[in-house]
Every structure is written in C-alpha cells, then in structure tokens.
C-alpha cells in the first residue's frame, strides 16, 4: 500500500472500503519514460544483437532486457517476459533450454549445445544467490510459499532475500533443475509479475537485485578460498601464511563463527555463600515454625493463632519468591559480530525485518507529544530502514492521534537524518534536548552546533503545532470531527466505527531531507461494533499482528507502550544478537528488556523503578527458562505468537534435572514426545526449498500435500486457527518474514481491513492459543506463560545503555491504581483454566519457572495475612497481650538466628545483583503499602469479577506532567478508596503506641520490659508505611478530607470497641497478666 494512498477505512462485515485523501495529496504521479535502451532488470545498457541492432529479448512487446538477463531468465528464471508473460524465444547464439521449439531461423549447431559460457555465468549468479539468501539461515533454509516470484506493487517485500530460491550447483536441488517444485501442469507457467508502467528500481527488483547476485558470487569465491586456506593450515597442503588480505578474510571468517552473545555467570564467590545462607535460612525457618506452633499463648490464643497462620503463609510466600532466584545469570552481546555476520559495510544487509508496535488509547491521558517522541525514536533506530516498520494502534480512534502522527511524519523527515548524521542518543527529541550534559562531547563535526540549534528550533515549532491540536481537541464539535477535505472522521463514535489504516511514511511515502528513504509508519485503528468483545489491549495487539503480517510481515515483533521511547538506538540489534543466533534463536520466543524510567524523584519514594524485580528476580529467571513478559519493551518471534512449538534439540528434550528428581525419569516417553514435536513443527522444519503451497490452493482445499503435512494444512483447520484470510494465512508460513511472492498488491488493502474487522476472530484460536492471550487484564503474564509451557525459552537483555525508558506514575494514587490492575490480573489468572498451579503439565515448562509463575499469581493473596499482621501490634498494645509466650534462652536462639539469616540473605542478594540498599528498602516499604491497599482490593474485586460476573473497569494511567514543579505531582493525593486501609493501619498503630505507653506509665517500672517488644513491632510497621505517611503529611491542603475522616472514624471505632469488649479479660482477678518478652516474627 502506497504511503500516498490516503486514509483507508472500511468494514469487512458491511462490505465497505473508502479511501480518503488529504489536501496535500497530489494527483497521479507521472511515470518514468522508458526509452528502451536500459535493461529494466539490472539497469545496464541493453546492448546490441549480432546483427548490430538493439537487442530485443521479447518479440511480442519488446520489453527492454539485456542479453545477460535474458540468458539468466531462460536458464534459471521463469523463461518468460516480465511484461507480457510470453515465453522467451531462443535467439541465435543462445544455448537451448528445455521447452524450446525447433525454429529454423535461429537454430545454429555451433551454439545450440554450448552451455559453457552461459552455464558458467548462471552458476556464478546462483552462487551469489545461494550465498546471499542462506548465509543467515544455514541451518534451516527459508521456506518458499509459492513459486519464488518477486512481486511489484504497493507493498514491497521487506526482506528480498527471504523469498529467493537456493537451487543451483551448491543448493539442494539438481544442478540443472529449475527451482519450481509442486508445479501443477494445469496452471500457467509461473512468471515474474512486473508492472511495465513503473520503474522497477522502485520495487527493489532491478539494479540492486542483479548486483546483489554478482556480489554474492564474489563472496562465495572468497569463502571457497578461505576453505582451501584452512586445508593448507591443517597439513593438507603447503605452508600458506595468513598475511595480507587473505589473513584479514580468514580472521573475518573466524569472527563469523563466534557467538553473538554469551552467558556471564555470577561469580561463585558471591553465589555460593548466597545459596548456603538460603538453605540455612530454610532450616532455621522450619525450627522456628515448629516452636511457634507448639507453644501457644493461652491467655491470647486468637492473637497467637492469627500470627502463626500469617507466619506460615509468609514462609510459603518466601519459598515461592526465593527459589526461582537460585541460578541468576548475566548476559552480554557483541554487536560487532552481528555486523560481521549479517550487516557488513558495502553489502546488502542480511538482518531480518522487524515490525514495531506502539499502542495508545486516550490521547488526553497519553499525550500525543509523548507518543510522537516514541514514534520518532523508532523511526531513527540504527537498523536498515527497509527492515523496520512502525505500527501505531489507536484503540480510541481519536482524530487527535491521527493528526499528530501526520505532523510527526513530516517532522521525522528532518529529525531522522539529523540523528543518524551526528549519532545522537537518545533519539527522542524531548528527552535529548532536556539532557543536562555536555552535548558537545565526542562531536567533531564543525556544523553540529549550528544544526543542533536549528533542529531544536524546528522541534519547538513542532511542539507548538502538536499543542495546538491538543487545545483544539478539548472541545468536541456537536456534529463530530471532520477531516481537511470535509469528510466526517470515521472514528467519531469510539464504540462503533470501521477499521482505519493510513501509511504515512515508507516506500513512495516521501524521502527525508538527505534524500533517503524512511521506515514505514502506519496508523491502525481496528473496527469496533456494538455487541462484539474487543479484549482491550490484547485484542488491539492481535489486530496489529494480523495487519502487519499482511502489509510487511516482519519476522520479529517489538512492542512498546506509547510512553516508552527507544533510549538506545541499537536496541533492535541487541535483540537480534539472540534472535538470529543459530544456537538459541530457533527456540527463543522473546527477548525482554528491563523497564527504566524518567521523571522519578531521587529517592523513588513509591518504588516506581522496580529495581529489585528487574535486577534480581528477572536475572534469576533468566538462568532457568527465561524472564516473564512484562507488557512492553519486548521483542517477539512471530512464529511463537502463532502458537508454533520451538525447534528442540536432543538436549532440550531431556527432562530437567529438578523435574527428573521430583517427577522421575521420562526417558521412556522421550521418543514419542520428540515425534510429537517433530510432527507439530513439521511445517517449519520441512525442506524449505520447496514451496509450501500455491495461493490458489488456499481456496481449493490445500491439495497436493503429503500425508504428514495434510494433518495440519487442511483448509478447515487452518481457517479455524488463523481466520479466513488467504493472504494472512500465506504470510504465517514465511518463517523469515517478507510478503509471499505471489501476493496480489491490489488485494492487500481489502485484506488489511478484513483482518482488523471486529468479527474476524470469531470461531478461531486468536486469544486462546495464538497471539496475546485473553482472559486477564494482565495479558502479558498469560502470553508469556503459554509460550513457556510450549517449551520456548526467553532471554533477558540488559545492555549497559538502557534500551527503553518510560514515564512512571509518581503520584501515589495513580501508582496504587496501576498496582491494583496488575494484582487484579493475577487473581483472574489464578481463578482461570490457565492457572500455572494446574495448567501445562504435559508441556515443557520447567519446575522453577512454574514456581515463579505461581508466585506471580498468588502474591495478592498475601495482602490478607499482611494486613492482619500489621494490625497485631496495635492489638497487643491496647490489650496488653502479646503473640509470643515467655521464652527460654534456647528458644530465643531460633529467633535471633532467623533475624540474622533474613538480614544476611538480603545483604548477599544485594552483593551479587548490584542493587543498592536504598532501592531494596524502598521495595520492602512499597510491598507493605501495596499489600495493605491495592492487593487487598484486587482479591475481592477479582472474586467478584470471576465468580459473580461483576466487572470492574480500570482507567489508563495518566502520563501527563505537572507544570508546577519537577515532582509537584508527587504530593497530590487524589481520592481513591485504596488510601483508606493503609491510613487505618497507620492510625490504629499510632493509637496503640499511645495506649501502650500510657499503660506502662500508669503501671510502674515493671511493665516497661514487655512494652519494648510491642513498641518495636508497631514501629516496624510504621517504618514500612513511612512513605505513605510522609505523603499524607507532605501537603495537607491537597490531601482529600474524606480519606482522613474515614480512616480516623474506623480507627477510633475499632479501638474503642476493642477496649470495651476485650476478649482477653480473665474472670479470675488473680490471673497473671504478665506475658513475657520475645520477638515478633
């Protein structure tokens, strides 16, 4: 689809397709005048025939083709004219090929069987073709979907190498065979479809295509020379020294065999003591719990029982959290090796195409300027422009988002060349110009200061235009929005509108100021109709998967939130170091990057950075089966999202040692399991040099398959799995990306609108086994879990320069609402069929990975014992009772050892992870704040939603900034019921401290000893809630009065009732009220 095609809107169900042009759209562009003297395949001169006239390859239409291209097409191509599809006739001097008719006027015995020159030339071409197309995927060639045609038209194949055949002298087929298997004799001879009215260079076919084959042949010859040199070094020939150019090439050949990444284990000097302390802590914890359960407090039995139940649950929760961190690792990548292998200077890039997804809903809560910065950082990434496509999903169908993207596309034509010329970081202009650093460091170009000043002025003008659009959007017209040409905006009704697609940049979408092409930028708003379930973000992401497969079909997908910009322009290459690695790429479902944030206060009061999770938990999971998917900053293997199983080796099929020890050996069933995986992945592991099917076969029942493949490839089963879109189904089998070569460009618009229609997913496996999985507001956990259950692994990539940065809700109310959403999703999964406690035991999910997922979904339940344990100190102080009886010196040892083991475990964890003690303490504090508020609400809301069907809506976290100060929003306390429970806990403990001290003062000196243990217990709770208390007292004029009123009222009523109705009052006045001293854990 051309970038100048305008906005395309339509509905498949209503059989509507409308094209809306902008005022800036011009008329029909004049076609390039072809004078017939230039070959339209390679770009060279056509040359002369033996008679001295201009060489004419096709006698029917005289389409300009030079003699070398004519010979190549006859020998190894389609043997047909690209324009009229007529079979080339043999000219005098050309060798005879199969199918030539006897023609008296051109037969010459001298050249009829002279294959030497022509075959040698064709062989050289095939050498280059085979090398260029299979150098990246030597272990598994690329499957051809049809007959290997190269198509022209509106959508160009992002990876032209991904659809070429590999037949030839060094390929898998016969020396003289034509690479077109599975040809139906009833069908016409396959041809290369070319539009004669357009310049072939615009389709990536002509000059570049021919030169790539020639350069590939040269590289193949150099590779053969290196192999011969290696034989001499092995003693099979004379002494040849690797000096000069040969030595450099030999070194390069060695570099191509080196891994592009490696695992960096944590030093044993740090990890071994950590593991020893964990085991000791487990032993101590067992003795501690044994003592607590066997020594009740008789005169405070309810308090003791409550505390013991809480402590047992805390111990269980600690085990779930601790053991997945048993084998943490680090990783490092080698971008130079990636460049040597796939992206050499002066050669066509062999990097695979990548589609980047950006999701947004409400432009008033997710400011268009933030989204624009994210898009600009994507368009200027350090990656081949023809291999990157950016898709922006507007799930709110807002015209403001559409207009801001239009402005962003125009500004990108200036911003992208500036970034690449001066190699600046980050490439989001808002954050680049806001940096308080020496921006002249490492800059040597004299024009940098002048151009930077001009670019900053351009960006400020761009911001003014965006702000004007935002101001205009504040007041919605009664008749709805209209576009520049007066056409009503199709998305005026956000709940009832057609699907919309607009290509802003890309092929034929305009060049940047330096005359270079830009990555494709595509706006997508899926169709929405009343009565259809849209599944929120998960549904929008699945729509992007389908529409991207139809238009560009990148082999890998990278999704980011609209507020997460590329902080590292090489982030995609960092992911490709794993995805394109021959050893692990075929079994890696995604590469997860950590989340890093801007705009957070120095002390990170509410633990927005999540440092402990990303630098400790995620590294621990990376050593097992990989990190969990966190919803953004993740690069996916498209095949994994399609529900396929990974390509497993013998080693992968061996049971995990922990599973083997816990569940017994599975060697008996290994062969059958392997066969099952071979069978299920057969479509991707078969001979990829043979086309999988003709496009016509999709509508004819997929005829012509062998028995094994027909199990998966029947028309009914494929449509039930992927939906009824032949173009999309064809794209799903292009394992290395790219558009199927026989796809008709004229059908792409219709298919793109079709696959984002509201009813496309009906009676398919979308959201169940394919794509983002439905069933929870935290679709990221379910999606990653399903992939891991199939046997895929994931990778945690933490480069020195953070790959992505985003904005976090520094306001406590918004932060708690965000945590509430995450916890609510966990409860939904816990009560669903996808619960990791019982789901996926027949898959390849490893035991520790399963434990990590169980911990991910059960952690909100910890809020119930946590809030009970936080109120216990107040009960003890008010009633003058305690949860621990008088203990002996022997029993006190277990209390002391437990506290020491907890402290040492934390210290050693910080030692190997590099996390600061302040970050660790902030994480502990917010664990209590979130546990006594958001997690508690999530448990009850989740039960209501799943069991009673009462849905609770969540709001998008606001990314807008406050202009009153850098962290002015930090002190805002918006009204939310989530603030009541922690405020009540604070007040109850403060009242308990006052009551306990008053009782000690009135009772004399002997009561101060037991008081210290209770005060320590209460102060420990208050210390964890200190950030919350500081926020309440920070700016009292901004604290909601209703929060204070409700909290004080609940705390006072509860305290007074407890004093009035004391369940621990003994009827015997001579009873001993002394409860002794002790710990509080």
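Placement of Cβ uses the backbone N, Cα and C atoms for every residue, glycine included.
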Checking feature assignment: coiled coil per Swiss-Prot, candidates 449-476, 477-504, 505-532, 533-560. Which range matches?
449-476
Looking at 229-249, 250-270, 271-291, I want to know which stretch Swiss-Prot calls transmembrane segment.
271-291
Given that Swiss-Prot annotates 359, 365, 366, 536 as UDP-alpha-D-glucose-binding, name the residue from 336, 386, 395 that shares the site.
395
Hey, in Swiss-Prot are residue 85 and residue 976 both on the same membrane side?
no
Near the topological domain 'Cytoplasmic' (911-925) in space but 6 or more residues beyond its ends, with Cβ under 8 Å, are 266-267, 270-271, 274, 328, 603-607, 609-613, 615-616, 619, 1023-1027
Taking residue 395 (active site) as the reference, which of 359, 365, 366, 537, 561, 780 (the recorded positions) have a CA within 10 A of its CA?
359, 537
Per residue, counting other C-beta atoms within 10 angstroms of the C-beta, which of the binding-site residues 365, 537 reaches the highest number?
537
Sequence-ordered list of residues in the chain of residue 359 (UDP-alpha-D-glucose binding site) that lie 6 or more positions away and have a Cβ within less than 8 Å of its Cβ, or none, is 393, 395, 537, 540, 541, 544, 559, 561, 562
So what's near the transmembrane segment (926-946) in sequence-distant terms, Cβ-Cβ under 8 Å and 6+ beyond its ends?
606-607, 816-817, 819-820, 823-824, 826-828, 830-832, 859-864, 866-867, 870, 952, 977-979, 981-982, 985, 1021, 1024-1025, 1027-1028
Residue counts for the topological domain 'Cytoplasmic' (911-925) under DSSP, helix then strand then coil, are 12 helix, 0 strand, 3 coil
What does the structure give for the C-alpha distance between residue 365 (UDP-alpha-D-glucose binding site) and residue 780 (active site)? Integer Å is fine.
22
Sort out the residues at least 6 away from either end of the transmembrane segment (857-877), same chain, that have Cβ-Cβ distances under 8 Å to it, and list them.
300, 303, 306-307, 309-310, 313-314, 317, 320, 781, 823-824, 826-827, 829-830, 835-836, 883, 928, 931-932, 935-936, 938-939, 942, 981, 985, 988-989, 991-993, 995-996, 999, 1014-1015, 1017-1018, 1020-1021, 1055, 1058, 1080
Stretch in 271-291, 300-320, 1009-1029 most in contact with the transmembrane segment (890-910), if contact is a CB pair under 8 A:
271-291
Spell out yes or no: are there three or more C-beta pairs under 8 angstroms between the transmembrane segment (300-320) and the transmembrane segment (271-291), with each pair 6 or more apart in sequence?
yes
Three-state secondary structure, residue 366 (UDP-alpha-D-glucose binding site) (per DSSP):
coil
